[in-house]
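Taken from Swiss-Prot, the feature domain 'Response regulatory' covers 6-123. The 4-aspartylphosphate annotation in Swiss-Prot covers Asp57, and the record cites sequence analysis as its basis. Per Swiss-Prot, domain 'CheB-type methylesterase' is recorded for 154-346, and the stated evidence type is sequence analysis. Here Swiss-Prot flags Ser166, His192, Asp288 as active site, drawing on sequence analysis.
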Amino acid sequence: MSALARVLVVDDSPTMRGLISAVLKADPEVEVVGQAGNAMEARAAIKQLNPDVVTLDIEMPEMNGLEFLEKIMRLRPMPVIMVSSLTHRGADASLAALEIGAFDCVGKPAPGDARPFGDLADKVKAAARSQHAAYRATRPETAAAPQPVPMSEYRAGRKVVAIGSSTGGVEALIAVLQKFPANCPPTVITQHMPPTFTKSFAERLNRICAPVVEEATDGARLQTGKIYLAPGGERHLQIANRSAPCCRLLDRDPVNGHRPSVDVLFDSVAELAGRNAVGVILTGMGRDGAAGLLKMRHAGARTVGQNEKTCVVYGMPRVAYELGAVEQQLPLASIGEEILKLTTARKEGAD
């Protein structure tokens with residue numbers, strides 16, 4: 001990567017190309033090296049300009065963004081940030097893009113949005129620095145989905161699992177949760193996502209994982225065999241009620257620039273569950289969740305961080321590790337099984 005993050009903006013709308021370019025040019029560490037209005041123009045521009053990162057509209061005429069993304073990942077793997085409408089259809093397409101290999105997704109702004117595209121410039125810089133392209137290029141295209149541990153081989157103890165993730169988290173969560181049996185420990189997750197995206201993601205996880213996965217609702221009781229995903233962009237997820245633990249959705253300002261925030265979730269788990277918890281921090285940029293994971297460890301919880309080699313962005317796990325919050329760092333493929341080891345009931349009774 002050069003000193004500046006060099007980005008190509010691809011969108012069929014001249015207005016949207018101009019807006020994205022203006023947002024990116026406002027950051028002195030980002031250089032917009034070109035624009036393209038369709039896949040053919042984009043392919044030529046990538047060959048000519050060799051950008052570090054591409055922003056790509058999902059909904060384009062002729063060859064759409066998903067089709068073009070597949071070609072990029074097959075022929076020239078590189079970090080691509082998808083730009084999508086904040087609709088259910090847009091969310092489904094964004095999730096498909098992330099599974100194909102997109103670095104991240106951002107939503108198109110609503111009229112009057114004070115911060116159009118949010119932290120897009122930061123995402124572009126993180127993408128340019130990341131190992132994402134190299135990781136994608138070396139991953140087998142036909143890798144089989146992880147198989148869940150059979151229910152007969154796992155007996156849940158009394159522990160609750162809390163997981164936090166951001167950039168790269170969609171693929172990481174799929175890899176972890178597909179190892180879980182249908183009788184997995186109650187699991188609460190905060191993944192940084194735009195509004196509407198988490199509902200689609202929960203539905204997707206529910207189809208491909210053995211446990212029940214749902215978007216968290218206020219007051220939902222934590223149950224064995226259920227996974228609860230914080231709704232994107234609206235409220236923070238906590239756990240509450242020591243005698244009958246449940247989800248609590250909290251109206252509060254963003255924490256660490258995020259709502260929902262991983263720190264808010266981890267803080268509540270540290271206070272409520274103490275040593276009867278496992279905290280996991282996965283790939284993501286920034287530091288959200290690091291301080292909360294440290295609180296969990298100090299409260300007696302077991303803690304796991306994703307290692308640098310398998311992270312799309314080694315940000316949140318790095319800060320957590322440097323703070324002393326991470327008991328053990330593991331490659332992504334080992335984390336699901338490790339969570340199950342840490343939460344299984346002891347032979348003499350639930351721990």
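Numbers run from 1 along the shown chain.
Backbone N, Cα and C atoms are what each Cβ position is placed from, and that goes for glycine too.
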DSSP residue counts for the domain 'Response regulatory' (6-123), split into helix, strand and coil: 51 helix, 26 strand, 41 coil
Note down the number of other Cβ atoms within 10 Å of the Cβ of Asp288 (active site), including every protein chain shown. 30
